[in-house]
DNA sequence: ACAAAAGTGTTATGCATACACCCATGC
DNA sequence: GCATGGGTGTATGCATAACACTTTTGT
């Protein structure tokens, strides 16, 4: 009656890891994510999300965290379950049925940039994914981007992309990169300040070309749950 | 390297099934859900969510659907993935690690009331769950209720509780039952009508004690996805 | 002085809320 | 007629958006 004898399936955990990097051409900040080139069948040589079979010793989120370590050598600033994908025919070329529990994560701008990528890992802008990806990973990436865009509008996760202290213009550029549209600086300022999600450090950024902006830090969260459960409309 | 030899875990699908029923004392419409009394260890004799191990031949949502059939003999009007629960220690008394992918579902008021429950199945008001439930099912129920309450405010899922044609007062009572608070009838009316989620049938309800209300039906949806991915703030 | 970004103030608009009021039906 | 729920109209407050304007720095 156990899974070993009856289910014949693999439970895997994959993670969509987001980072902000400047576009190599325009220089504008955009969303990027790491993909791993598969070295085995099925989908050999295709790009895929980082991940692997669930180790029995780890929680689901731990597994996602470990995947991040192996792929990017950095800790996520935000980690959240996205969805469980398990249709019978989602990996027709695989020898066994694969059920994937997918997480998405944010890594900070500062940490991320000075890190050497692992073997077979390459970062790509989310708008230029070298598809088709392995399995149903194109679909998963789309879901993850949508979730991120939806969540940034009502949750202070954007802070996860920034260092400890930041200006409101920094924060606004993060929002603009995620949402892919310009935001009015003055209204953005008011919105953020009225939310109470940032605290004035009392200090200002030095060495700027013009008027030095105030520095803020993100305010401690008052989350209702230890876990986070999320959605896309 | 396969899951059978290394993972030693069971992948289960459980479903939180919601229905609206009048409170036996006050007569007010409230949220109910069915629980199954466990007849085996672990957690023998405790109440648990309906569900079971994932059959290899079925998609995840299909498995949730089948669970509903066995438990309530009716089709869900709405079925949506809630979350995957898979911490290593979430079922310490079980012989193997269990990862549960949990769905939640809505069944209509009309269908539901005339149905005989299966063996060991009993419906309970969500505010009077006979806890503690088996495994971490108390937590899961809380998440599901929160998700339902959040989603009803920005999505027309409440229609799923009603028959084909209904008055706006019927719909309002559904909202009030889910949210557990009174809503202003006139503002509720305007909100619903402005959303365009209901269509006037041109007919009126007959046999009412007072002025006969107009009858509406729910408008066809324009959903962005075949699948639904959701969240709790 | 000037350019550029930081930061403030003002107004218009739309939406949610509260609530006064009229309508239509059974009794 | 009258009680009751169905249904309409209207004023108020609040959040958002648009944008004019002032402030502060480096060059």
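Glycine residues also receive a Cβ, built from the backbone N, Cα and C atoms like all the rest.
Any TrEMBL annotation is an automated prediction that lacks curation.
Since this is a predicted model, take the numbers as computed values, not measurements.
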**Message:** Quick check on the annotations: TrEMBL lists region 'Disordered' for one of A:176-198, A:199-221. Which range is it?
**Reply:** A:199-221
**Asked** Hey, which bits of the same chain come close to the region 'Disordered' (A:199-221), Cβ under 8 Å, at least six residues off its ends?
**Response** 156, 159, 162, 164-169, 171
**Request:** Using DSSP, tally how many residues of the domain 'NrtR DNA-binding winged helix' (A:161-217) sit in helix, strand and coil.
**Result:** 24 helix, 12 strand, 21 coil
**Message:** Considering every residue in the domain 'NrtR DNA-binding winged helix' (A:161-217), what is the mean pLDDT value?
**Reply:** 94
